[in-house]
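Heads up, the thing below is written out as structure tokens.
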Amino acid sequence: MERTFAMIKPDGVRRGLTPEILARIHNKGYRVVGLKQMMMPRETAEQHYGEHRERPFFGELVDFITGGPVVAIALEGENAIAGWRAMMGATNPANAAPGTIRADFATSTGENVTHGSDSPESAERELALFFGDGELLS
């Protein structure tokens with residue numbers, strides 16, 4: 001079984017999309033092994049999006065992600081990384097396939113409702129960043 005990190009961003013939480021997104025996760029057969037709603041500390045956001053540090057949008061991205069609660073989710077299942085990314089759809093909702101979370105709910109590339117790890121390495125790093133020892137179900 002593979003694990004991945006998923007997140008409902010502040011725009012999704014603010015718009016009350018958490019129950020719908022969790023239902024979609026359940027309906028796809030993924031197991032939620034960790035879940036927490038939280039205000040993301042700025043330091044955590046800067047670590048999480050560290051690869052974008054030199055990009056012009058970095059400050060705005062950190063401000064957005066720390067500007068409201070997020071839902072951090074640890075998912076487990078067969079091909080969880082690729083499967084969750086397929087469920088999310090393309091980063092730009094205009095390019096997202098019909099029926100994906102972003103096609104259905106995102107309003108822009110910046111406010112695209114969800115995040116998902118893009119590799120086993122980033123999944124491991126992101127899960128460790130958001131969940132401490134003993135916080136994930138075995």
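Glycine residues also receive a Cβ, built from the backbone N, Cα and C atoms like all the rest.
Taken from Swiss-Prot, the feature active site, pros-phosphohistidine intermediate covers His115, and the record attributes it to sequence analysis. His115 (active site, pros-phosphohistidine intermediate) carries a strand DSSP state (E or B).
The ATP binding site feature in Swiss-Prot is assigned to Lys9, Phe57, Arg85, Thr91, Arg102, Asn112. Listed in sequence order, the residues of the same chain lying 6 or more apart from Asn112 (ATP binding site) and placing their CB within less than 8 Å of its CB are Lys9, Asp11, Thr91, Asn92, Pro93, Arg102, Ala106.
The CA atom of Arg85 (ATP binding site) is located 8 Å away from the CA atom of His115 (active site, pros-phosphohistidine intermediate). Separation of the C-alpha atoms of His115 (active site, pros-phosphohistidine intermediate) and Phe57 (ATP binding site): 17 Å, rounded to the nearest whole number. The recorded positions considered are Arg85, Arg102, His115; of these, Arg85 has the fewest other C-beta atoms within 10 angstroms of its C-beta.
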